[in-house]
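Colleague: Please read through the structure below; I'll follow up with questions.
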């Protein structure tokens, strides 16, 4: 195998030997020419550079005389020992031996092997090693090596994540020899990998267990960024397990497993709930929706407004498909009556969140009784008769009409005095403890 260059730098290269995963050296003792062969990963083409000290030249050489070994298995037989087995496909030149290359990204080592298997002792139980096997042959054929295979030493395997419960997640794995304790880490996915609600909100959590290859962690209702002991509801996490040994130290983490926690009811409540009367029978209710990354009870599809007259234990509800910040009207109410009103969010699974702290709104006064309507009619009639009879009759009719109206007003004033409340908004006890419920859908 030769390279032709200027000034007669022409020489066949002999005594080719491996000096690295992709490098072989050769020399010509007669003409003082030395060369370096550097091959591509597939081992089919090499760049050969030769020099005699005066000039140098580079040429591309096709190689195909020796078949490439195929790594069949990599097995950890102990925290620091790896067994490698490979096969040699038929064809090509006769193989005289093998060289196994292995490195952890910084130090490259090799081992000459006459057979198709060997055990490699590595210096650390925490390294990720890349391994390749090179087949050697007689000259003039160049050696060829296998594809690179990767092995993670002494990491937990068989990790299973069970997220079927709304309030907790359970993780199990195969026990690791000599492990004294394990740490399970959860890291929230971001961007398109986040199947939950908050694509760009980071969060991590972890749990440590001693001796046993299983762990559980709670799923909280309102987990902050600094809370590392609980997971968030409806959030995608990457789960890894690391083993620790007093003898061998920390292992490499297991292969990551994905988990999306379930939606669940939440302590999060709609904000800025407010109400105002529109008439004697209608109240307007307004509230602000929850921002997406605070929807810890999952995807909110509607809100539920709960209301009841303070003089009655009967609770009514109206449900609407409102999105963020919303408003609705409660109609068919009783005049001059205090109503307690609260709002809760409902997620895709039908879970109802905690109701907001209630507000109280009183409807405007209104005439509804038959006696009041009768008094008004009689008073108006008497006024008309008084006009016919003269000024004195008109005065009598107006007094009768006003007496009926004032009587009604005094009744309203009495109610307000007894309740010690004026028209407007007031706080009342939390309605979440109500036991009677009547649902009305809008």
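Each residue's number is its place along the chain shown, starting with 1.
Every residue, even glycine, has its Cβ placed from backbone N, Cα and C.
Keep in mind that what you see is a predicted model, and the values were worked out from it rather than measured.
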Colleague: According to TrEMBL, which of these ranges is transmembrane segment: 376-401, 402-427?
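Modeller: From TrEMBL, the annotated transmembrane segment range turns out to be 376-401.
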Colleague: Count the residues of the domain 'Fibronectin type-III' (65-158) that DSSP assigns to helix (H, G, I), to strand (E, B) and to coil, and report the three numbers in that order.
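Modeller: Output for the domain 'Fibronectin type-III' (65-158) reads 0 helix, 54 strand, 40 coil.
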Colleague: Which residue counts does DSSP give the domain 'Fibronectin type-III' (269-366) for helix, strand and coil?
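Modeller: The composition, in the requested order, is 3 helix, 48 strand, 47 coil.
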